[in-house]
Each structure stands twice: as structure tokens, then as C-alpha cells.
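According to Swiss-Prot, the protein carries these features:
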| type | residues | note |
| --- | --- | --- |
| BINDING | Thr11, Ser12, Ser13, Thr264, Gly316, Gln320, Gly421 | ATP binding site |
| BINDING | Thr11, Arg81, Glu82, Tyr133, Asp242 | sn-glycerol 3-phosphate binding site |
| BINDING | Thr11, Arg15, Thr264, Gly316, Gly421, Asn425 | ADP binding site |
| BINDING | Arg81, Glu82, Tyr133, Asp242, Gln243 | glycerol binding site |
Amino acid sequence: MTYLLALDQGTSSSRSIVFDERGHIVAQAQQELPQIYPQPGWVEHDPVDIWRTQIATARQALAQANIGPGDVRALGITNQRETTVLWNRRTGQPVHHAIVWQDRRAEPLCAELREQGHEPMIQERTGLRIDAYFSATKLRWLLDQVPGARAAAEAGELAFGTVDSWLIWQLTGGKVHVTDVSNASRTMLFNVHSNDWDDDLLALLRIPRKLLPRVQPSASDFGATDAALLGGAIPIGGVAGDQQSALFGQACFTAGMAKNTYGTGCFMLMHTGSSFQTSRNGLLTTSAAQIAPRTGAGHGAPEPAFAMEGSVFVGGAVVQWLRDGLRAISSSSEVQSLAESVPDSGGVMMVPAFTGLGAPYWKPDARGTITGLTRGTTIAHIARAALESIAYQSAALLQAMSRDAVAAGGAPVSELRVDGGACVNDLLMQFQADLLGIPVVRPAVIETTALGAAYLAGLSSGVYAGTEALSALWRAERRFLPTLSAARAQECMARWEHAVRQAALD
């Protein structure tokens, strides 16, 4: 039997999953990742915790599967994107906590860049809007605010990376400083047309090029693990940011195919093939996972692959807020039964703009609201409104995506594949299909983020001949079909847009 090991380093936990070559889960392990909130709007992780929890789960998963490193053909890595790590090349120690993708401390710098008129140039080169969400301004903050960091960076003593780079550095004993194209494309420093770091952007943000990792295709040779870590060396053959990895794991390989991941946030991606498309509807363009040619893996010229993306900052996190903030539930699993205890939200609308609103609105100053309260409102109505807010935000993304697809000469999205922890909530998935008016399809294996990393590693190591073999492995577990009329769905979305305007104080 051939096995693949996927390391899935997320915002709230580190996980490792052993897959067989059919994409079935053989074993898995998970550890929570401590969250650090130094100030309002700031979110950090300790890079040492990231590494400690990730390597521990890898060992646990291998032990649970009762296999050794010699049984694993290759290892794949997928990770929370944009989260920024800066460390000392000699000691391997971080110079500061990692600044997490949710962190908003760099917003003043972003506002300054927008006021200076740089956004059109940045969007054309990177596919991204100027936002504190991305790595570039987080890295600039570290260089400016950590004592001695800029001088050390300019002397070549420091290394920058997103979480994948940090893990590869640790896994290889500091021998390899590298990232993949999908993670690089989320930094706001990477030119997606030239497939390289952009010198003009580096100069604009005062970031020394010598800080940056080498960039490779997502399915290519990233080195091998230090033999002492897992009892033997394992080739690292696949790396992708979590959302591009989920797109790959959902077998969305052709233009027009779309997926939505329901996690801490929600992340919708639509494959656009080899064409770079600039959104006119508030979405981002990002590099999809790229596959190196079989010859000279890691150094060939893969065919470009792009995706349109929309990100919801607060998705499943709204359920955590119900539990930890309002104490309305004692565990996240209770939310479906509580929401199902009422037939609808009773007119309550929740906009969970706790850290502003992401795509397609891009309202960093928006704040969370609950409207439509009456004397008859119960906590069940609020719970249902919280769940529905996840679907409303995702529906706004898909509608924007379909408009962009039609403008580019394509067709609207006709089916949405779903994954992530919250996709097991049948109430949420049915309401999502009702709002969208298209089938929402849940796969047999919902761990598609980790599966995508395993598939990438399998491609580079020869387990799979190509993406056609992966498409043949994909299976649906359930299709949710719309039950609302188009007119009723439009009424619901109109109420949502009104609530968004209130939250944004428009």
C-alpha cells in the first residue's frame, strides 16, 4: 500500500493526516494552537507552537497508522496563508510572534499606500487589493517595529516566510528556504505574471529581497525531512496555501469550477484556467496550485494556473463567538439543534463584521451588528441568524464571482463544492443552496485541504499520472438542491445587503 502524509497547519489547530493512494483517510491527529491577542485587532501565534504542534501530530498520525517513514511515498504541506514569520537564519529562532492573517495592525500603512495611489499597480501585478490581510505590510511592520530587525534583515541574517516556509525550514533542519507559488501570491510582493518577487513592490515597501524564500511550483521537489524527526527521511513533494490546496483536493481543475471552504473564515475560489482575470466586483486574483513538469521538478516552467477568490473574515468564528462571547451555547456542536428549534431567524439579521468586512465589500471599518430584534426574539433566533450570516456572506461572494465569469465570456457558476468543518451542518448547507439557487455538493472526504496537499505530493512523486486520475477519485456524499424560489432568495439577499450597509455605516 502506498501512503501520503499531509501536514495541515491551520489558524486554530495543527493537523496531520495519512491518506492511502485512493484518497481515503488512514489516520489523523490534531492539536489546538494557542491564540495570542496582544491588543484589539491584533492576532498572533508563537512560531515555536506552530512547529511543536505540527511535528507532534505528524508523529501521532504515523503511529496511529502503524507505519514508518519508509512507507510514506511523499509528504505534502498546506497552511494558513498570509501569516507572517520572521526568524534568525543562524539560530532558527523567531524574532517575534507570527502575525496572523486576521491581524489588522498594518491598516494605517495600507491606508497610506491607497492614498498614494498605488492600488491599481499592486492589483495589476499581484491580483490583490491593498489590505492588512496580506503578508507585505505585516513584514514591513516587523522590520520597522522589532528592535534591530531591519539592520539584521539588510545584513542577510533573517529569513521571512509564510507558515509553509517556516515548516519546511524546520523539517529540513534549516537546509531549505522555499515557498510555493500559491503562498507567494498571497504576500502582495509577488508578480503573478513573471512568477517572481517584484522588485518595485519590494522597494516601495522597503523589504530586502535577501529575506525572501525561493518560489517553486506547488507540486515539485521541496527537499526531504531530516531523518531524526520522523525516524527516517520523507520527500516533501507538495506545498500549497490552504485554499488553493482545497481547490485542488476538490478536483476543481478546469475554468468555472468553484469551491467554498467553511472554516474560521470562508474562502471561495473559482478556477479560471491559465488566464489572469481582474475582478470588477471586489474579488481577488490568486495563483492556483501549479504542477512542475516531470523533468527537472522544481525548476521547470509549469503552465500558469489562476483562480478568482473571495474571503469572508468571520465564518465559523461566529459560532465560537456565540460560545465564548455570548455564552449562548456550551459547545459549537449545539448550534445546529438550537437554530433548528425555530423555523427561521424571526427577522433577525447578523452581520459578523468583528474585524471589518472582506470581499466583495472591503469595509475595514465595518463593525458587527444584530438587527431586527423584538420582544419575541430568543437566543435560538440569534443562533440561526449567526449560522445564516455565513451563508449570506458566501452567497455575496458567489454572485460577484459569477458576474466576473460572465464578463470574461464564461458562464455563471453552476455548482458549488463545499468543505471545511462547518460543511457538516446540514441546515447551513441547505440554506446556502437556497440562497444561491444552484446545487451545493459535499464530498465524501471533507478534509479536502489536506487531501489537496497529499495529491500534490503524490503527483510530484509519481503516485498519480495526472489530474485526470485525481478527478476519477472525487466522490460526492450529498447534494443539497435549492428549495426557495428565485424571487424569495432575492428578497433575502436584499435584506442582507441592507444590513451590510448598516454595519458599514454607509
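In case you wondered, yes, glycine gets a Cβ from its N, Cα and C as well.
Note that this is a predicted model, so its numbers are computed, not measured.
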For the glycerol site built from Arg81, Glu82, Tyr133, Asp242, Gln243, further residues of that chain with CB within 8 A of the site's CB center: Gln80, Thr83, Trp101, Arg186, Gly241, Phe267, Ser311
Binding-site residues compared (Arg15, Arg81) - highest count of Cβ atoms within 10 Å: Arg81
Around the Cβ of Ser13 (ATP binding site), the count of other Cβ atoms that are within 10 Å: 14
Surrounding CB atoms that lie within 10 Å of the CB of Asn425 (ADP binding site), all protein chains: 22
Sn-glycerol 3-phosphate site span - longest C-alpha distance across Thr11, Arg81, Glu82, Tyr133, Asp242, in Å: 15
Gly316 (ATP binding site) in three-state DSSP notation: coil
From Thr11, Arg15, Arg81, Glu82, Gly316, Gln320: binding-site residues whose CA lies within 10 A of Gln243 (glycerol binding site): Arg81
Maximum Cα-Cα separation in Å among residues Arg81, Glu82, Tyr133, Asp242, Gln243, which the record lists as binding glycerol: 15
Where Arg81 (sn-glycerol 3-phosphate binding site) falls in three-state DSSP terms: coil
Local Cβ density at Glu82 (sn-glycerol 3-phosphate binding site) - other Cβ atoms counted within 10 Å: 26
Residue among binding-site residues Arg81, Glu82, Asp242, Asn425 with Cα closest to the Cα of Gln320 (ATP binding site): Asn425
Distance [Cα-Cα, Å, rounded] between Asn425 (ADP binding site) and Gly316 (ATP binding site): 11
Cβ packing number for Ser12 (ATP binding site), 10 Å threshold: 17
For Gly421 (ATP binding site), the three-state class that DSSP assigns: helix
Distance check against Arg81 (sn-glycerol 3-phosphate binding site) for the binding-site residues Ser12, Ser13, Arg15, Thr264, Gly421, keeping those with Cα within 10 Å: none
Site with most surrounding Cβ atoms, counting all protein chains shown within 10 Å, from the binding-site residues Thr11, Gln243, Thr264, Gln320: Gln243
